[in-house]
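K.L.:
Could you have a look at this structure, given as structure tokens, before my questions?
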Amino acid sequence: MKFLDIRDTNFDMEFAAILARGEETGREVEQVVLDIIADVRARGDEALLEYTRRFDRLEADSVASLQVTEDEVDYAFARVKDEEIAALKLAVERVARFHEKQKQETWLSTGEPDILLGQMVTPLERVGIYVPGGKASYPSSVIMNAVPARVAGVGEVVMVAPTPGGEINPHVLVAARFSGVDRIFRLGGAQAVAALAYGTATVPKVDKITGPGNIYVATAKKLVFGQVGIDMIAGPSEILVINDGSGTPAHIAADLLSQAEHDELASSILITTDRGFGERVAAEVERQLAELSRETIARRSWETYGAVIVAGSLDEAIAFSNRIAPEHLELAVTNPFDVLPKIRNAGAIFLGHFTPEAAGDYLAGPNHTLPTGGTARFFSPLSVDDFVKKSSIVYFSESGLNRLGGGIVRIAELEGLEAHGRSVSVRLKGEGEARK
């Protein structure tokens, strides 16, 4: 963990190592993924079975046998505690309610009597969601990806999840049913992404792929983009807490560790105007680390990519936050609503001392699929918009074209596109009418 002062002349150099985490995919990883994608395109189901045996140690006679049955989902419900089922159902309901507010309708503008303009909103036909199944199991990832797709009106939601040993976590299956997932395959890695992007005899081709995964999954999504849509290239998780010396150090420490436990590349940063408060938080982090079941992962993350930064003022802390555009931003300050208008770049913003980032991860309502690695400068959280497409609608009556046609022709002429202009002028002059 680095204890830094933003006013030090060497601050940028010392902080650079944290900003650079996970930047290099590596040519070796990219080549491996390219080979897998090409193999799945060429051999389809046969390649999927081979990679599933190799990476997930799962023997299967066919890809069809890797599809989860309704009976298996029923059995998952029998294995999950009632209170856990209730919590997952509540999360789905709250996430659905929030995303309903994001829906856009098709609209038409009738402001001109002879011209009609508008926008048609159409749900995607089929999407694929990737649910990680590595060091932890994430039913919340199912909810955050499938629910907005369902709210958007997507026709079919296909889920893939790696299953070392052949079994999908029962909580993931419960979340999938509540979230409206149609089909689930025990497939993971770059090969699952390739199958969704190009389709095989068994796995249907989708229009868009969403959901987080390891470096191979992220690289595969990047490489198939253009063949299908993707949500974003997600990097390691991160949290930045802005603090003015108010609040409880134990609370801030717990919030920092909530990100550190994700993986060794996660970054947890506190920037505070009170050095003493920062020191108390750092000490509390050390105390709490020893209590975590995922201590090894969290400790590596904290020691390598954690930081406590002292700022000269709250405005200086805010400027720093806007510069790095964190995935998760907590405003652990006395008056968070005064600070909020000054925030320009953040994936999700959590206000006050009783709004831990974990609330947003699970059931507050907003999506937890957020831009990482500074991309909150230009990317947004996953939303209903990611599962629809928009088409422009244009209608000109004869009088409308007569009214605006001259301007269209002139712009076509100045661009040197004669046929463009003729497609209008031939109508204005009535040419071709005699040749009907």
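Using N, Cα and C of the backbone, Cβ positions are placed for all residues, glycine too.
The model shown is predicted, which means the values in this text are computed figures rather than measured ones.
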K.L.:
Given that Swiss-Prot annotates Gln259, His262, His420 as binding Zn(2+), state which candidate in Asp207, Asp315, Asp361 belongs to that site as well.
P.N.:
Asp361
K.L.:
In Swiss-Prot, the residues Ser237, Gln259, His262, Asp361, Glu415, His420 are said to bind substrate. Which of His99, His171, His328 is said to bind at that same site?
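P.N.:
Record source Swiss-Prot; matching candidate: His328.
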K.L.:
Quick check: of the recorded positions listed here (Tyr130, Gln191, Asn214, Glu327), which one has the Cα closest to that of Gln259 (substrate binding site)?
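P.N.:
Checking each of Tyr130, Gln191, Asn214, Glu327 against Gln259 (substrate binding site), the shortest Cα distance is to Glu327.
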K.L.:
What Cα-Cα separation, expressed in whole Å, is found between Asn214 (NAD(+) binding site) and Ser237 (substrate binding site)?
P.N.:
12
K.L.:
Mind giving me a neighbour count for Ser237 (substrate binding site)? Other Cβ atoms within 10 Å of its Cβ, every protein chain shown.
P.N.:
24
K.L.:
Same chain, not part of Tyr130, Gln191, Asn214: whose C-beta falls within 8 angstroms of the C-beta centre of the NAD(+) site? Give them in sequence order.
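P.N.:
Sorted by sequence, the hits are Pro132, Val160, Pro162, Gly188, Gly189, Ala190, Ala192, Val193, Gly213, Tyr216, Val217, Ala220.
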